[in-house]
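*Asks:* One structure, pasted below without further comment.
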Amino acid sequence: MFSAMRLHGVCRAMRFRHFRSRSVSSTSPNLTFVPACLPPHPMEVEELQRFVSNSKRLFVMTGAGISTESGIPDYRSEGVGLYARTDRQPIQHAEFVRSAAARQRYWARNFVGWPQFSSHQPNTAHLVLRDWEKLGKLHWLVTQNVDALHTKAGSQRLTELHGCTHRVFCLACGDQILRSELQEHFEALNPTWKAEAFGVAPDGDVFLTDEQVHNFQVPACRKCGGILKPDVTFFGDTVSREKVNFVHERLAESDSMLVAGSSMQVYSGYRFALAAREKQLPIAVLNIGPTRVDHFASLKLNSRCGELLPLIVACDPTS
């Protein structure tokens, strides 16, 4: 199973060994992009504790809401998400593939945003899920995020459903490089180019004007001269059938599902909640604000992931 795990796009151990070799300490949460909410009620803590205690092979799906406490903005959070702050939309897959100007704009903005985005660290919620895995409580973790924070935290039983921005590949030949390596290529091609962002967006994007990106140079694939693209599923693209099947297999091995920090508005993740319902698995949802799963979830909790999850005691289910 673990050879399959590596195949299906989880952050590869060899590519990210520098993340796992260093310890990650818990720091105070960055609440800039976290919607306001009340502290967890003792009853909510008790309900989630009961849910986790009854789970022997927990399937967890996380979304952008788990990473907002690390200072990364999301799209849909009320008042603080991208859609609430601006009228900007994320790049579409078809636009990136067909338009050189769109790729120039994307990569210029990503180049400016990368130093800050790549420096974000896991928060308490990421570390709790890592510990649940070590205890044998968490059977499989699926994240819709592309920020590598679960990998930085040390999670290994992990599938990155939408890929990871820390990898880049060629659309023509498939050659892969690290995003950090591409940053060096950008710097070499644009030694005098400078731009100051006037806002931050999800997934390492920042706000720049068309005039600012006009002279930015984008490298081609070092092997074949093809188009370089981050190893992520852009809006308008689909997750591979192979990866979807792999996640369905992990869900079939599980006895319960926890959704943490996701409104589940995107079907690529929502389909697994539907599958869990069909299998009659109990589903708990931990998210600030409504989700697409609320009407059939066994438990809905409106709290910060990093505030509620550390209060839960997860014992080894075999002990």
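Positions of Cβ are set from backbone N, Cα and C atoms, glycine also.
So TrEMBL lists the following for this protein:
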ACT_SITE  H162  active site, proton acceptor
BINDING   63-83, 144-147, 261-263, 287-289, C305  NAD(+) binding site
BINDING   C170, C173, C221, C224  Zn(2+) binding site
DOMAIN    38-319  domain 'Deacetylase sirtuin-type'
*Asks:* Which has the fewest other CB atoms in a 10 Å radius around its CB: G63, G71, the listed binding-site residues?
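*Replies:* Fewest other Cβ atoms within 10 Å, among the binding-site residues G63, G71, is found for G71.
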*Asks:* Applying a 10 Å Cβ distance cut-off over all chains shown, what neighbour count does the residue listed as 'active site, proton acceptor' have?
*Replies:* 23
*Asks:* Which whole-number mean pLDDT does the model give the domain 'Deacetylase sirtuin-type' (38-319)?
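*Replies:* Overall, the domain 'Deacetylase sirtuin-type' (38-319) comes to a mean pLDDT of 93.
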*Asks:* Taking 10 A as the limit, how many CB atoms besides its own sit near the CB of S67 (NAD(+) binding site)?
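*Replies:* The answer is 29 other Cβ atoms.
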*Asks:* In whole Å, note down how far the CA of the residue listed as 'active site, proton acceptor' lies from the CA of S67 (NAD(+) binding site).
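*Replies:* S67 (NAD(+) binding site) to the residue listed as 'active site, proton acceptor', Cα-Cα distance: 15 Å.
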*Asks:* Using the Cβ center of C170, C173, C221, C224 as the Zn(2+) site position, which other residues in that chain lie within 8 Å, going by their Cβ?
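*Replies:* In sequence order, the nearby non-listed residues are L171, A172, G174, D175, A220, R222, K223, G225, G226.
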*Asks:* Nearest of the recorded positions to N287 (NAD(+) binding site) by CA-CA distance, picking from H162, C170, C173, C221, C224?
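*Replies:* Nearest by Cα distance to N287 (NAD(+) binding site): H162.
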